[in-house]
Amino acid sequence: MTSLHNCPAPAKLNLFLHVVGRRSDGYHLLQSVFQLIDRADRLHFDLREDERIVRTTDVPGVPEEQDLIVRALKRLASEYARRHGHNPPGISVAVEKVLPMGGGLGGGSSDAATALMAANCLWQAGFTSDELMAVGLPLGADIPFFLFGQTAFAQGVGEALAPVAGPDCWYVVIEPGVAVPTPAIFGAPDLTRDTKGVTISDFSRHLENRRDLSGFGKNDLQAVAIRMFAPVAEALEWLGRYGDARMTGSGACVFCAFSSESEADQVLADVPGAWSAWKAKALDSHPMKSLLQNQRVVE
Ligand code: C5P
(Lines of atoms letter the chains of each structure in order from A; the text may use other names.)
(Lines give C-alpha, C1' and ligand atoms only; values in the text may rest on other atoms or scores of the structure.)
Protein backbone atom coordinates (compact mmCIF):
# COMPACT_ATOMS: atom_id res chain seq x y z
CA MET A 1 0.00 0.00 0.00
CA THR A 2 1.35 3.41 -0.93
CA SER A 3 -1.53 5.75 0.04
CA LEU A 4 -4.05 6.26 2.82
CA HIS A 5 -6.67 8.85 1.93
CA ASN A 6 -9.58 10.34 3.91
CA CYS A 7 -8.07 9.50 7.28
CA PRO A 8 -10.14 11.07 10.06
CA ALA A 9 -8.58 13.06 12.90
CA PRO A 10 -11.53 13.47 15.29
CA ALA A 11 -11.98 16.18 17.89
CA LYS A 12 -12.14 15.58 21.65
CA LEU A 13 -14.11 17.22 24.41
CA ASN A 14 -12.89 17.40 27.99
CA LEU A 15 -16.06 16.49 29.90
CA PHE A 16 -14.40 18.01 32.96
CA LEU A 17 -10.84 19.14 33.55
CA HIS A 18 -9.34 19.49 37.01
CA VAL A 19 -5.91 20.91 37.73
CA VAL A 20 -4.73 18.94 40.76
CA GLY A 21 -1.09 20.03 40.96
CA ARG A 22 2.01 21.17 39.15
CA ARG A 23 5.20 19.28 38.24
CA SER A 24 8.64 20.73 38.90
CA ASP A 25 9.04 21.38 35.11
CA GLY A 26 5.98 23.66 35.19
CA TYR A 27 3.59 21.22 33.50
CA HIS A 28 0.29 20.79 35.30
CA LEU A 29 -1.09 17.59 36.75
CA LEU A 30 -4.60 17.08 35.46
CA GLN A 31 -7.62 14.89 35.84
CA SER A 32 -10.02 14.79 32.93
CA VAL A 33 -12.36 12.60 30.93
CA PHE A 34 -11.53 12.84 27.24
CA GLN A 35 -14.39 12.08 24.86
CA LEU A 36 -13.92 11.54 21.10
CA ILE A 37 -16.62 13.10 18.91
CA ASP A 38 -17.53 12.63 15.26
CA ARG A 39 -16.28 15.99 13.96
CA ALA A 40 -12.90 15.58 12.30
CA ASP A 41 -10.12 16.96 10.16
CA ARG A 42 -9.34 14.77 7.12
CA LEU A 43 -5.79 13.78 6.21
CA HIS A 44 -4.40 12.19 3.05
CA PHE A 45 -1.06 10.38 3.01
CA ASP A 46 1.04 9.30 0.01
CA LEU A 47 4.42 7.57 0.15
CA ARG A 48 7.11 9.44 -1.80
CA GLU A 49 10.01 8.32 -3.99
CA ASP A 50 12.40 10.31 -1.76
CA GLU A 51 12.75 10.41 2.04
CA ARG A 52 11.17 13.81 2.70
CA ILE A 53 8.17 14.57 4.94
CA VAL A 54 6.17 17.20 3.07
CA ARG A 55 2.89 18.95 3.83
CA THR A 56 1.25 19.75 0.50
CA THR A 57 -1.56 22.01 1.74
CA ASP A 58 -1.37 25.44 3.30
CA VAL A 59 -2.68 25.65 6.88
CA PRO A 60 -3.17 29.34 7.77
CA GLY A 61 -1.28 30.23 10.95
CA VAL A 62 0.71 26.98 11.03
CA PRO A 63 4.01 27.02 9.10
CA GLU A 64 4.92 23.58 7.75
CA GLU A 65 7.95 23.10 10.01
CA GLN A 66 5.87 23.86 13.14
CA ASP A 67 3.00 21.59 12.16
CA LEU A 68 2.59 18.77 14.69
CA ILE A 69 1.88 16.37 11.80
CA VAL A 70 5.27 17.07 10.22
CA ARG A 71 7.11 17.07 13.55
CA ALA A 72 5.48 13.81 14.64
CA LEU A 73 6.29 12.09 11.32
CA LYS A 74 9.92 13.27 11.50
CA ARG A 75 10.25 11.88 15.04
CA LEU A 76 8.74 8.57 13.94
CA ALA A 77 11.05 8.44 10.91
CA SER A 78 14.09 8.90 13.23
CA GLU A 79 12.86 6.11 15.49
CA TYR A 80 12.33 3.91 12.41
CA ALA A 81 15.86 4.67 11.19
CA ARG A 82 17.34 3.88 14.62
CA ARG A 83 15.66 0.47 14.54
CA HIS A 84 16.11 -0.50 10.92
CA GLY A 85 19.41 1.16 10.09
CA HIS A 86 17.90 3.05 7.14
CA ASN A 87 15.34 5.82 6.62
CA PRO A 88 11.73 5.02 5.75
CA PRO A 89 10.25 6.37 2.51
CA GLY A 90 9.08 9.97 2.65
CA ILE A 91 5.41 10.93 3.00
CA SER A 92 3.32 13.73 1.47
CA VAL A 93 0.45 14.84 3.70
CA ALA A 94 -2.56 16.88 2.61
CA VAL A 95 -4.74 18.34 5.37
CA GLU A 96 -8.40 19.34 5.19
CA LYS A 97 -8.76 21.46 8.33
CA VAL A 98 -12.23 21.47 9.89
CA LEU A 99 -11.35 21.88 13.58
CA PRO A 100 -10.46 25.42 14.71
CA MET A 101 -7.00 26.28 16.00
CA GLY A 102 -6.88 27.22 19.70
CA GLY A 103 -10.33 25.73 20.17
CA GLY A 104 -9.64 23.17 22.90
CA LEU A 105 -10.81 20.38 20.58
CA GLY A 106 -7.32 18.88 20.25
CA GLY A 107 -7.24 19.34 16.46
CA GLY A 108 -3.46 19.68 16.10
CA SER A 109 -2.79 16.75 18.44
CA SER A 110 -5.40 14.61 16.72
CA ASP A 111 -3.86 15.35 13.31
CA ALA A 112 -0.48 14.25 14.70
CA ALA A 113 -1.92 11.03 16.17
CA THR A 114 -3.64 10.14 12.90
CA ALA A 115 -0.38 10.80 11.06
CA LEU A 116 1.51 8.47 13.42
CA MET A 117 -1.07 5.70 12.91
CA ALA A 118 -1.05 6.17 9.14
CA ALA A 119 2.76 6.19 8.84
CA ASN A 120 3.05 3.12 11.06
CA CYS A 121 0.77 1.37 8.59
CA LEU A 122 2.30 2.72 5.34
CA TRP A 123 5.83 1.91 6.53
CA GLN A 124 4.65 -1.45 7.94
CA ALA A 125 6.75 -0.41 10.90
CA GLY A 126 4.93 -2.37 13.60
CA PHE A 127 5.33 0.21 16.37
CA THR A 128 3.04 -0.59 19.29
CA SER A 129 0.52 1.92 20.52
CA ASP A 130 2.71 2.64 23.58
CA GLU A 131 5.70 3.32 21.31
CA LEU A 132 3.65 5.73 19.18
CA MET A 133 2.51 7.48 22.39
CA ALA A 134 6.13 7.90 23.50
CA VAL A 135 6.96 9.48 20.13
CA GLY A 136 3.95 11.83 20.34
CA LEU A 137 3.92 12.89 24.00
CA PRO A 138 6.83 15.39 23.87
CA LEU A 139 4.98 17.22 21.08
CA GLY A 140 1.64 17.55 22.83
CA ALA A 141 0.08 16.26 26.03
CA ASP A 142 -3.15 15.32 24.19
CA ILE A 143 -1.50 13.13 21.53
CA PRO A 144 -1.40 9.95 23.70
CA PHE A 145 -5.16 10.17 24.20
CA PHE A 146 -5.87 10.18 20.46
CA LEU A 147 -3.60 7.15 20.03
CA PHE A 148 -5.35 5.46 22.97
CA GLY A 149 -8.45 5.96 20.85
CA GLN A 150 -11.36 5.58 23.28
CA THR A 151 -13.09 7.53 26.02
CA ALA A 152 -10.48 7.90 28.75
CA PHE A 153 -10.01 9.01 32.32
CA ALA A 154 -6.73 10.87 32.06
CA GLN A 155 -4.22 11.74 34.77
CA GLY A 156 -0.62 12.93 34.92
CA VAL A 157 -0.17 15.61 32.26
CA GLY A 158 -2.78 13.73 30.27
CA GLU A 159 -0.71 10.66 29.41
CA ALA A 160 -1.88 8.22 32.13
CA LEU A 161 -5.03 6.87 30.54
CA ALA A 162 -7.70 4.40 31.62
CA PRO A 163 -10.77 3.42 29.58
CA VAL A 164 -14.08 4.63 30.94
CA ALA A 165 -17.65 4.71 29.57
CA GLY A 166 -18.81 8.21 28.67
CA PRO A 167 -22.41 9.43 28.46
CA ASP A 168 -24.38 8.32 25.39
CA CYS A 169 -25.45 11.73 24.12
CA TRP A 170 -25.28 14.43 21.50
CA TYR A 171 -23.29 17.60 21.99
CA VAL A 172 -23.82 21.11 20.74
CA VAL A 173 -20.47 22.86 20.34
CA ILE A 174 -20.03 26.60 19.83
CA GLU A 175 -16.85 28.10 18.40
CA PRO A 176 -16.68 31.61 19.93
CA GLY A 177 -14.37 32.81 17.13
CA VAL A 178 -11.20 33.38 19.17
CA ALA A 179 -8.04 31.26 19.34
CA VAL A 180 -7.01 30.69 22.94
CA PRO A 181 -3.26 30.17 23.55
CA THR A 182 -2.98 27.21 25.94
CA PRO A 183 0.27 28.33 27.66
CA ALA A 184 -1.30 31.70 28.61
CA ILE A 185 -4.20 29.94 30.35
CA PHE A 186 -1.98 27.44 32.22
CA GLY A 187 0.43 30.23 33.12
CA ALA A 188 -2.18 32.56 34.65
CA PRO A 189 -1.35 33.40 38.29
CA ASP A 190 -5.00 33.07 39.34
CA LEU A 191 -5.48 29.54 37.91
CA THR A 192 -6.84 27.13 40.53
CA ARG A 193 -4.16 24.45 40.82
CA ASP A 194 -5.29 22.45 43.83
CA THR A 195 -8.66 20.95 42.98
CA LYS A 196 -9.34 17.86 45.09
CA GLY A 197 -8.83 14.63 43.16
CA VAL A 198 -11.73 12.45 42.00
CA THR A 199 -11.59 8.78 41.08
CA ILE A 200 -12.68 6.99 37.96
CA SER A 201 -15.39 5.25 40.01
CA ASP A 202 -16.71 8.63 41.25
CA PHE A 203 -17.21 9.54 37.58
CA SER A 204 -18.74 6.19 36.57
CA ARG A 205 -21.07 6.15 39.59
CA HIS A 206 -22.29 9.65 38.77
CA LEU A 207 -23.08 8.63 35.17
CA GLU A 208 -24.89 5.47 36.32
CA ASN A 209 -27.08 7.44 38.72
CA ARG A 210 -27.65 10.58 36.68
CA ARG A 211 -27.15 9.32 33.08
CA ASP A 212 -25.53 12.65 32.24
CA LEU A 213 -22.60 14.76 33.26
CA SER A 214 -24.36 17.67 34.91
CA GLY A 215 -23.20 18.36 38.40
CA PHE A 216 -19.96 16.37 38.04
CA GLY A 217 -16.70 18.29 38.11
CA LYS A 218 -15.84 21.45 36.20
CA ASN A 219 -13.19 22.87 33.94
CA ASP A 220 -10.61 24.68 36.10
CA LEU A 221 -9.24 26.51 33.05
CA GLN A 222 -12.62 28.07 32.34
CA ALA A 223 -12.49 30.89 34.92
CA VAL A 224 -9.17 32.12 33.50
CA ALA A 225 -10.32 31.85 29.86
CA ILE A 226 -13.55 33.75 30.60
CA ARG A 227 -11.55 36.55 32.21
CA MET A 228 -9.14 36.82 29.28
CA PHE A 229 -11.53 36.18 26.37
CA ALA A 230 -14.96 37.83 26.50
CA PRO A 231 -16.37 35.79 23.56
CA VAL A 232 -15.83 32.58 25.57
CA ALA A 233 -17.81 34.06 28.46
CA GLU A 234 -20.61 35.13 26.10
CA ALA A 235 -20.87 31.71 24.46
CA LEU A 236 -20.92 29.97 27.85
CA GLU A 237 -23.59 32.29 29.15
CA TRP A 238 -25.74 31.73 26.08
CA LEU A 239 -25.39 27.94 25.99
CA GLY A 240 -25.82 27.77 29.77
CA ARG A 241 -29.50 28.61 29.33
CA TYR A 242 -30.00 25.11 27.88
CA GLY A 243 -28.05 23.03 30.40
CA ASP A 244 -24.66 22.51 32.04
CA ALA A 245 -22.48 24.31 29.45
CA ARG A 246 -18.70 23.89 29.75
CA MET A 247 -15.52 24.84 28.02
CA THR A 248 -13.31 22.10 26.51
CA GLY A 249 -9.55 22.06 27.18
CA SER A 250 -8.14 25.56 27.51
CA GLY A 251 -10.94 26.88 25.24
CA ALA A 252 -12.21 28.56 23.22
CA CYS A 253 -14.98 26.07 22.31
CA VAL A 254 -17.88 25.46 24.68
CA PHE A 255 -20.30 22.55 24.68
CA CYS A 256 -23.45 21.20 26.26
CA ALA A 257 -24.77 17.61 26.24
CA PHE A 258 -28.26 16.62 25.13
CA SER A 259 -29.95 13.25 25.34
CA SER A 260 -31.31 13.26 21.78
CA GLU A 261 -30.29 14.54 18.37
CA SER A 262 -33.57 16.45 18.04
CA GLU A 263 -32.90 18.39 21.27
CA ALA A 264 -29.45 19.27 19.94
CA ASP A 265 -31.00 20.36 16.64
CA GLN A 266 -33.44 22.65 18.42
CA VAL A 267 -30.67 24.41 20.34
CA LEU A 268 -28.54 24.64 17.20
CA ALA A 269 -31.37 26.38 15.36
CA ASP A 270 -31.37 29.11 18.05
CA VAL A 271 -27.59 29.82 18.03
CA PRO A 272 -26.93 33.46 17.08
CA GLY A 273 -25.54 33.72 13.54
CA ALA A 274 -22.28 35.37 14.66
CA TRP A 275 -21.04 32.05 16.07
CA SER A 276 -20.15 28.94 14.22
CA ALA A 277 -21.87 26.01 15.94
CA TRP A 278 -22.48 22.33 15.23
CA LYS A 279 -23.71 19.13 16.80
CA ALA A 280 -21.58 16.08 17.38
CA LYS A 281 -22.12 12.52 18.54
CA ALA A 282 -19.91 10.88 21.14
CA LEU A 283 -17.67 8.21 19.54
CA ASP A 284 -16.81 4.99 21.37
CA SER A 285 -13.60 4.42 19.46
CA HIS A 286 -11.17 6.15 17.12
CA PRO A 287 -12.34 5.72 13.50
CA MET A 288 -8.73 5.14 12.31
CA LYS A 289 -8.59 1.89 14.30
CA SER A 290 -11.39 0.23 12.34
CA LEU A 291 -10.20 1.77 9.10
CA LEU A 292 -6.73 0.28 9.52
CA GLN A 293 -7.99 -3.05 10.86
CA ASN A 294 -10.26 -3.52 7.84
CA GLN A 295 -7.25 -3.18 5.63
CA ARG A 296 -5.62 -5.92 7.75
CA VAL A 297 -2.35 -4.07 8.03
CA VAL A 298 -2.55 -2.85 11.61
CA GLU A 299 0.24 -3.71 14.08
O1 C5P B 1 1.40 19.85 25.44
P2 C5P B 1 0.48 20.92 24.96
O3 C5P B 1 0.79 21.42 23.59
O4 C5P B 1 -0.92 20.53 25.15
O5 C5P B 1 0.72 22.13 25.96
C6 C5P B 1 0.82 23.49 25.64
C7 C5P B 1 1.27 24.24 26.88
O8 C5P B 1 0.26 24.16 27.89
C9 C5P B 1 2.52 23.71 27.53
O10 C5P B 1 3.66 24.29 26.97
C11 C5P B 1 2.33 24.13 28.99
O12 C5P B 1 2.66 25.48 29.14
C13 C5P B 1 0.84 24.02 29.18
N14 C5P B 1 0.43 22.71 29.76
C15 C5P B 1 0.59 22.50 31.10
N16 C5P B 1 0.21 21.32 31.67
C17 C5P B 1 -0.35 20.35 30.90
C18 C5P B 1 -0.54 20.55 29.51
C19 C5P B 1 -0.14 21.77 28.97
O20 C5P B 1 1.10 23.37 31.84
N21 C5P B 1 -0.73 19.20 31.45
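Start at 1 and count along the chain as shown; that gives each residue its number.
Note: Cβ is positioned from N, Cα and C throughout, glycine not excepted.
TrEMBL annotations:
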type	residues	note
ACT_SITE	K12	active site
ACT_SITE	D142	active site
BINDING	P100, M101, G102, G103, G104, L105, G106, G107, G108, S109, S110	ATP binding site
DOMAIN	68-150	domain 'GHMP kinase N-terminal'
DOMAIN	208-274	domain 'GHMP kinase C-terminal'
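The residues near the ATP site, meaning same-chain residues not in P100, M101, G102, G103, G104, L105, G106, G107, G108, S109, S110 whose C-beta sits within 8 angstroms of the mean position of the site's C-beta atoms, are A11, L99, G249, in sequence order. Comparing local CB density within 10 A for the binding-site residues G102, G104, G108, the maximum falls on G104. Sorting the binding-site residues P100, G106 by the number of other Cβ atoms within 10 Å puts G106 first. Counting in whole angstrom, K12 (active site) lies 6 from G106 (ATP binding site) by their C-alpha atoms.
Reported as a whole number, the C-alpha separation between P100 (ATP binding site) and D142 (active site) equals 16 Å.
Just so you know, the Cβ of S110 (ATP binding site) picks up 29 other Cβ atoms within 10 Å once every protein chain is counted. Looking just at the domain 'GHMP kinase C-terminal' (208-274), the mean pLDDT is 96.
In sequence order, K12, F34, G106, S109, S110, G158, G249 make up the list of same-chain residues 6 or more apart from D142 (active site) whose Cβ falls under 8 Å from its Cβ. Cβ-based neighbour count (10 Å, all protein chains) for K12 (active site) stands at 26.
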